[in-house]
Amino acid sequence: MGTGLLALPNDIKVLGTFGMLFLIANLPINWFAGNMLSLAADRVEQRGGKQLQQQKMTTITSGLLQEDNSTSINTRTKNNNYLAISITGDDVVEDDEDADAEKIDKRNENIDTATFDFVGMTMAIFDNPQTTKLVMILYYVNIFLVLGNYIVVMSHAVVALLADEKNNKGILSCTPVAGLLASTLMFAVSQLRTMAKLGRRASTLSLLALAVVVGQCLYFSSGSTTTPSDDITTKNVGDIDDDGGEDDDENAVVGFRLVLRQLSALGSIGFATGSQKLFLNIRHEFADRKDAPKSLAVSLSAFGSVYIFIILMAGDNPPSFLFDAIPIGTIHRRVAGFFLWAHVVVSYAINSQAICSSCDRVFFSQWEPVRRWSDGRRWMALTAIIAFSAFFIANAVPFFKDLVAFIGAFTSVPLTLLMPAVFYRRTCEKLPVWFPALTWKSITTTARKSISGSYALLIYASIFTVLATLGSVYSILDDWEHHTGGFFSCH
């Protein structure tokens, strides 16, 4: 649960009753996808474990054969009165066993790493470099965009906390400068290098800070007496025809724009409910990994209930960024800005840890210029690169609601809904992802097995991704058209 909920009330306003029903329906759908992801990871680990046992048995058998051979050689040596050698056959076997045991440990480490994140899972399941690169790009782009979104939010928090918003004076009222200041604290916290360190006290304090922010937002939003703006998103399709000043063509254009805005709002819901992005990382730290789906169910139920409560309490006209319901220049906004900063710092660090650990494991540690660096120095360099990239994204798309929608549609939905279905079909059902081979047996088998949840999830996620991405891209372009400044502009 994070900053995505600050966009939800306005998204539900845009979508109406359908939006609330869509949000509720996506909670069990996301658990269903998470359970598929867990089952697929279990199957990969079981398959790797069987291979490990076979390799271990082969190693033991070869060791016994070597021992028998060395014994017979020693016997022949004694019979022929050869000089004793410095290393006996038994010593040779023990050395070989130690070497093989070391290899086995490394294999087990690789099997364990295969289910650590989406990149490792893809590599283990498909064994295709091109497919792995595609998923790697999708995974990294998602977290890059999320980190950029956090810097957008943090910029607002710093401006609210330190700047003179009412008079729009001072260097800190410039959003990029505020974001740069906020990023320094994020960079410091991201030096914590394990999910365990970030997932206990820090996460608890982060959620408490978010609760303080949301409480203040709801207080001012529910009591707001402002009238709805004249923006296209505040209109219902049925209301457009009642405006006598608009002809049929203009009604059609406005109606089409409204539909695109509504599709963009669906992307925001996908962002808010998609909780499986780091599911594999968190599952990796469970004592019993089969408990991970239960934990996911509890989490989805908890934050789903919170989402619904916030939407109902936000009033009839919540702003697109719920934080803006708090009046500018008040002590309430400064306090909320501080707690929002505290929350996002931890969220940023968790996502930064996920992408940096994956990058370091996959390619960064093998890069020649940094190969001889210490782990701490290499980690600091990597987190600095990530922070700079996220800062650039935040200023390229400085619209909170649009960025959330694009992240949800283009990356979160494919990762949290589409990829679990793909992994499950390949590992557990042993089916082609989309189409079977052109043989009668293959077609009938696939048709029989495809009447299942995995194929339905595959179709649903694909349609969701395409439609919501179209809507979010339109929203970004439309807002840039009405934006007064360019990249890195202060306002």
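Placed from the backbone N, Cα and C atoms, the Cβ positions cover glycine too.
Per TrEMBL, transmembrane segment is recorded for 12-33, 137-158, 170-190, 202-221, 254-274, 295-315, 335-358, 379-397, 403-424, 457-477. According to TrEMBL, the domain 'Amino acid transporter transmembrane' annotation covers 131-442.
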Decide whether the stretches the transmembrane segment (335-358) and the transmembrane segment (12-33) have at least 3 CB pairs under 8 angstroms, with pairs required to be 6 or more apart in sequence. no
Look at every Cβ pair spanning the transmembrane segment (457-477) and the transmembrane segment (254-274), keep those 6 or more apart in sequence, and say whether at least 3 of them are under 8 Å. yes
For the transmembrane segment (295-315), find every same-chain residue at least 6 residues outside the stretch whose CB is under 8 Å from a CB in it, and list them. 1, 5, 8-9, 12, 20, 23-24, 27-28, 30-31, 34-35, 38, 214, 217-218, 221-224, 272-273, 275-276, 279, 282, 286, 322, 325
At least three Cβ pairs under 8 Å linking the transmembrane segment (170-190) and the transmembrane segment (403-424), pairs spaced 6 or more in sequence? no
Lying 6 or more residues past either end of the transmembrane segment (254-274) yet within Cβ distance under 8 Å of it, the residues of that chain are 4-5, 7-8, 10-12, 14-15, 19, 22-23, 26-27, 30, 232-233, 235, 237, 240, 246, 300, 304, 307, 401-402, 404-410, 412-413, 415-417, 464, 467-472, 474-475, 478
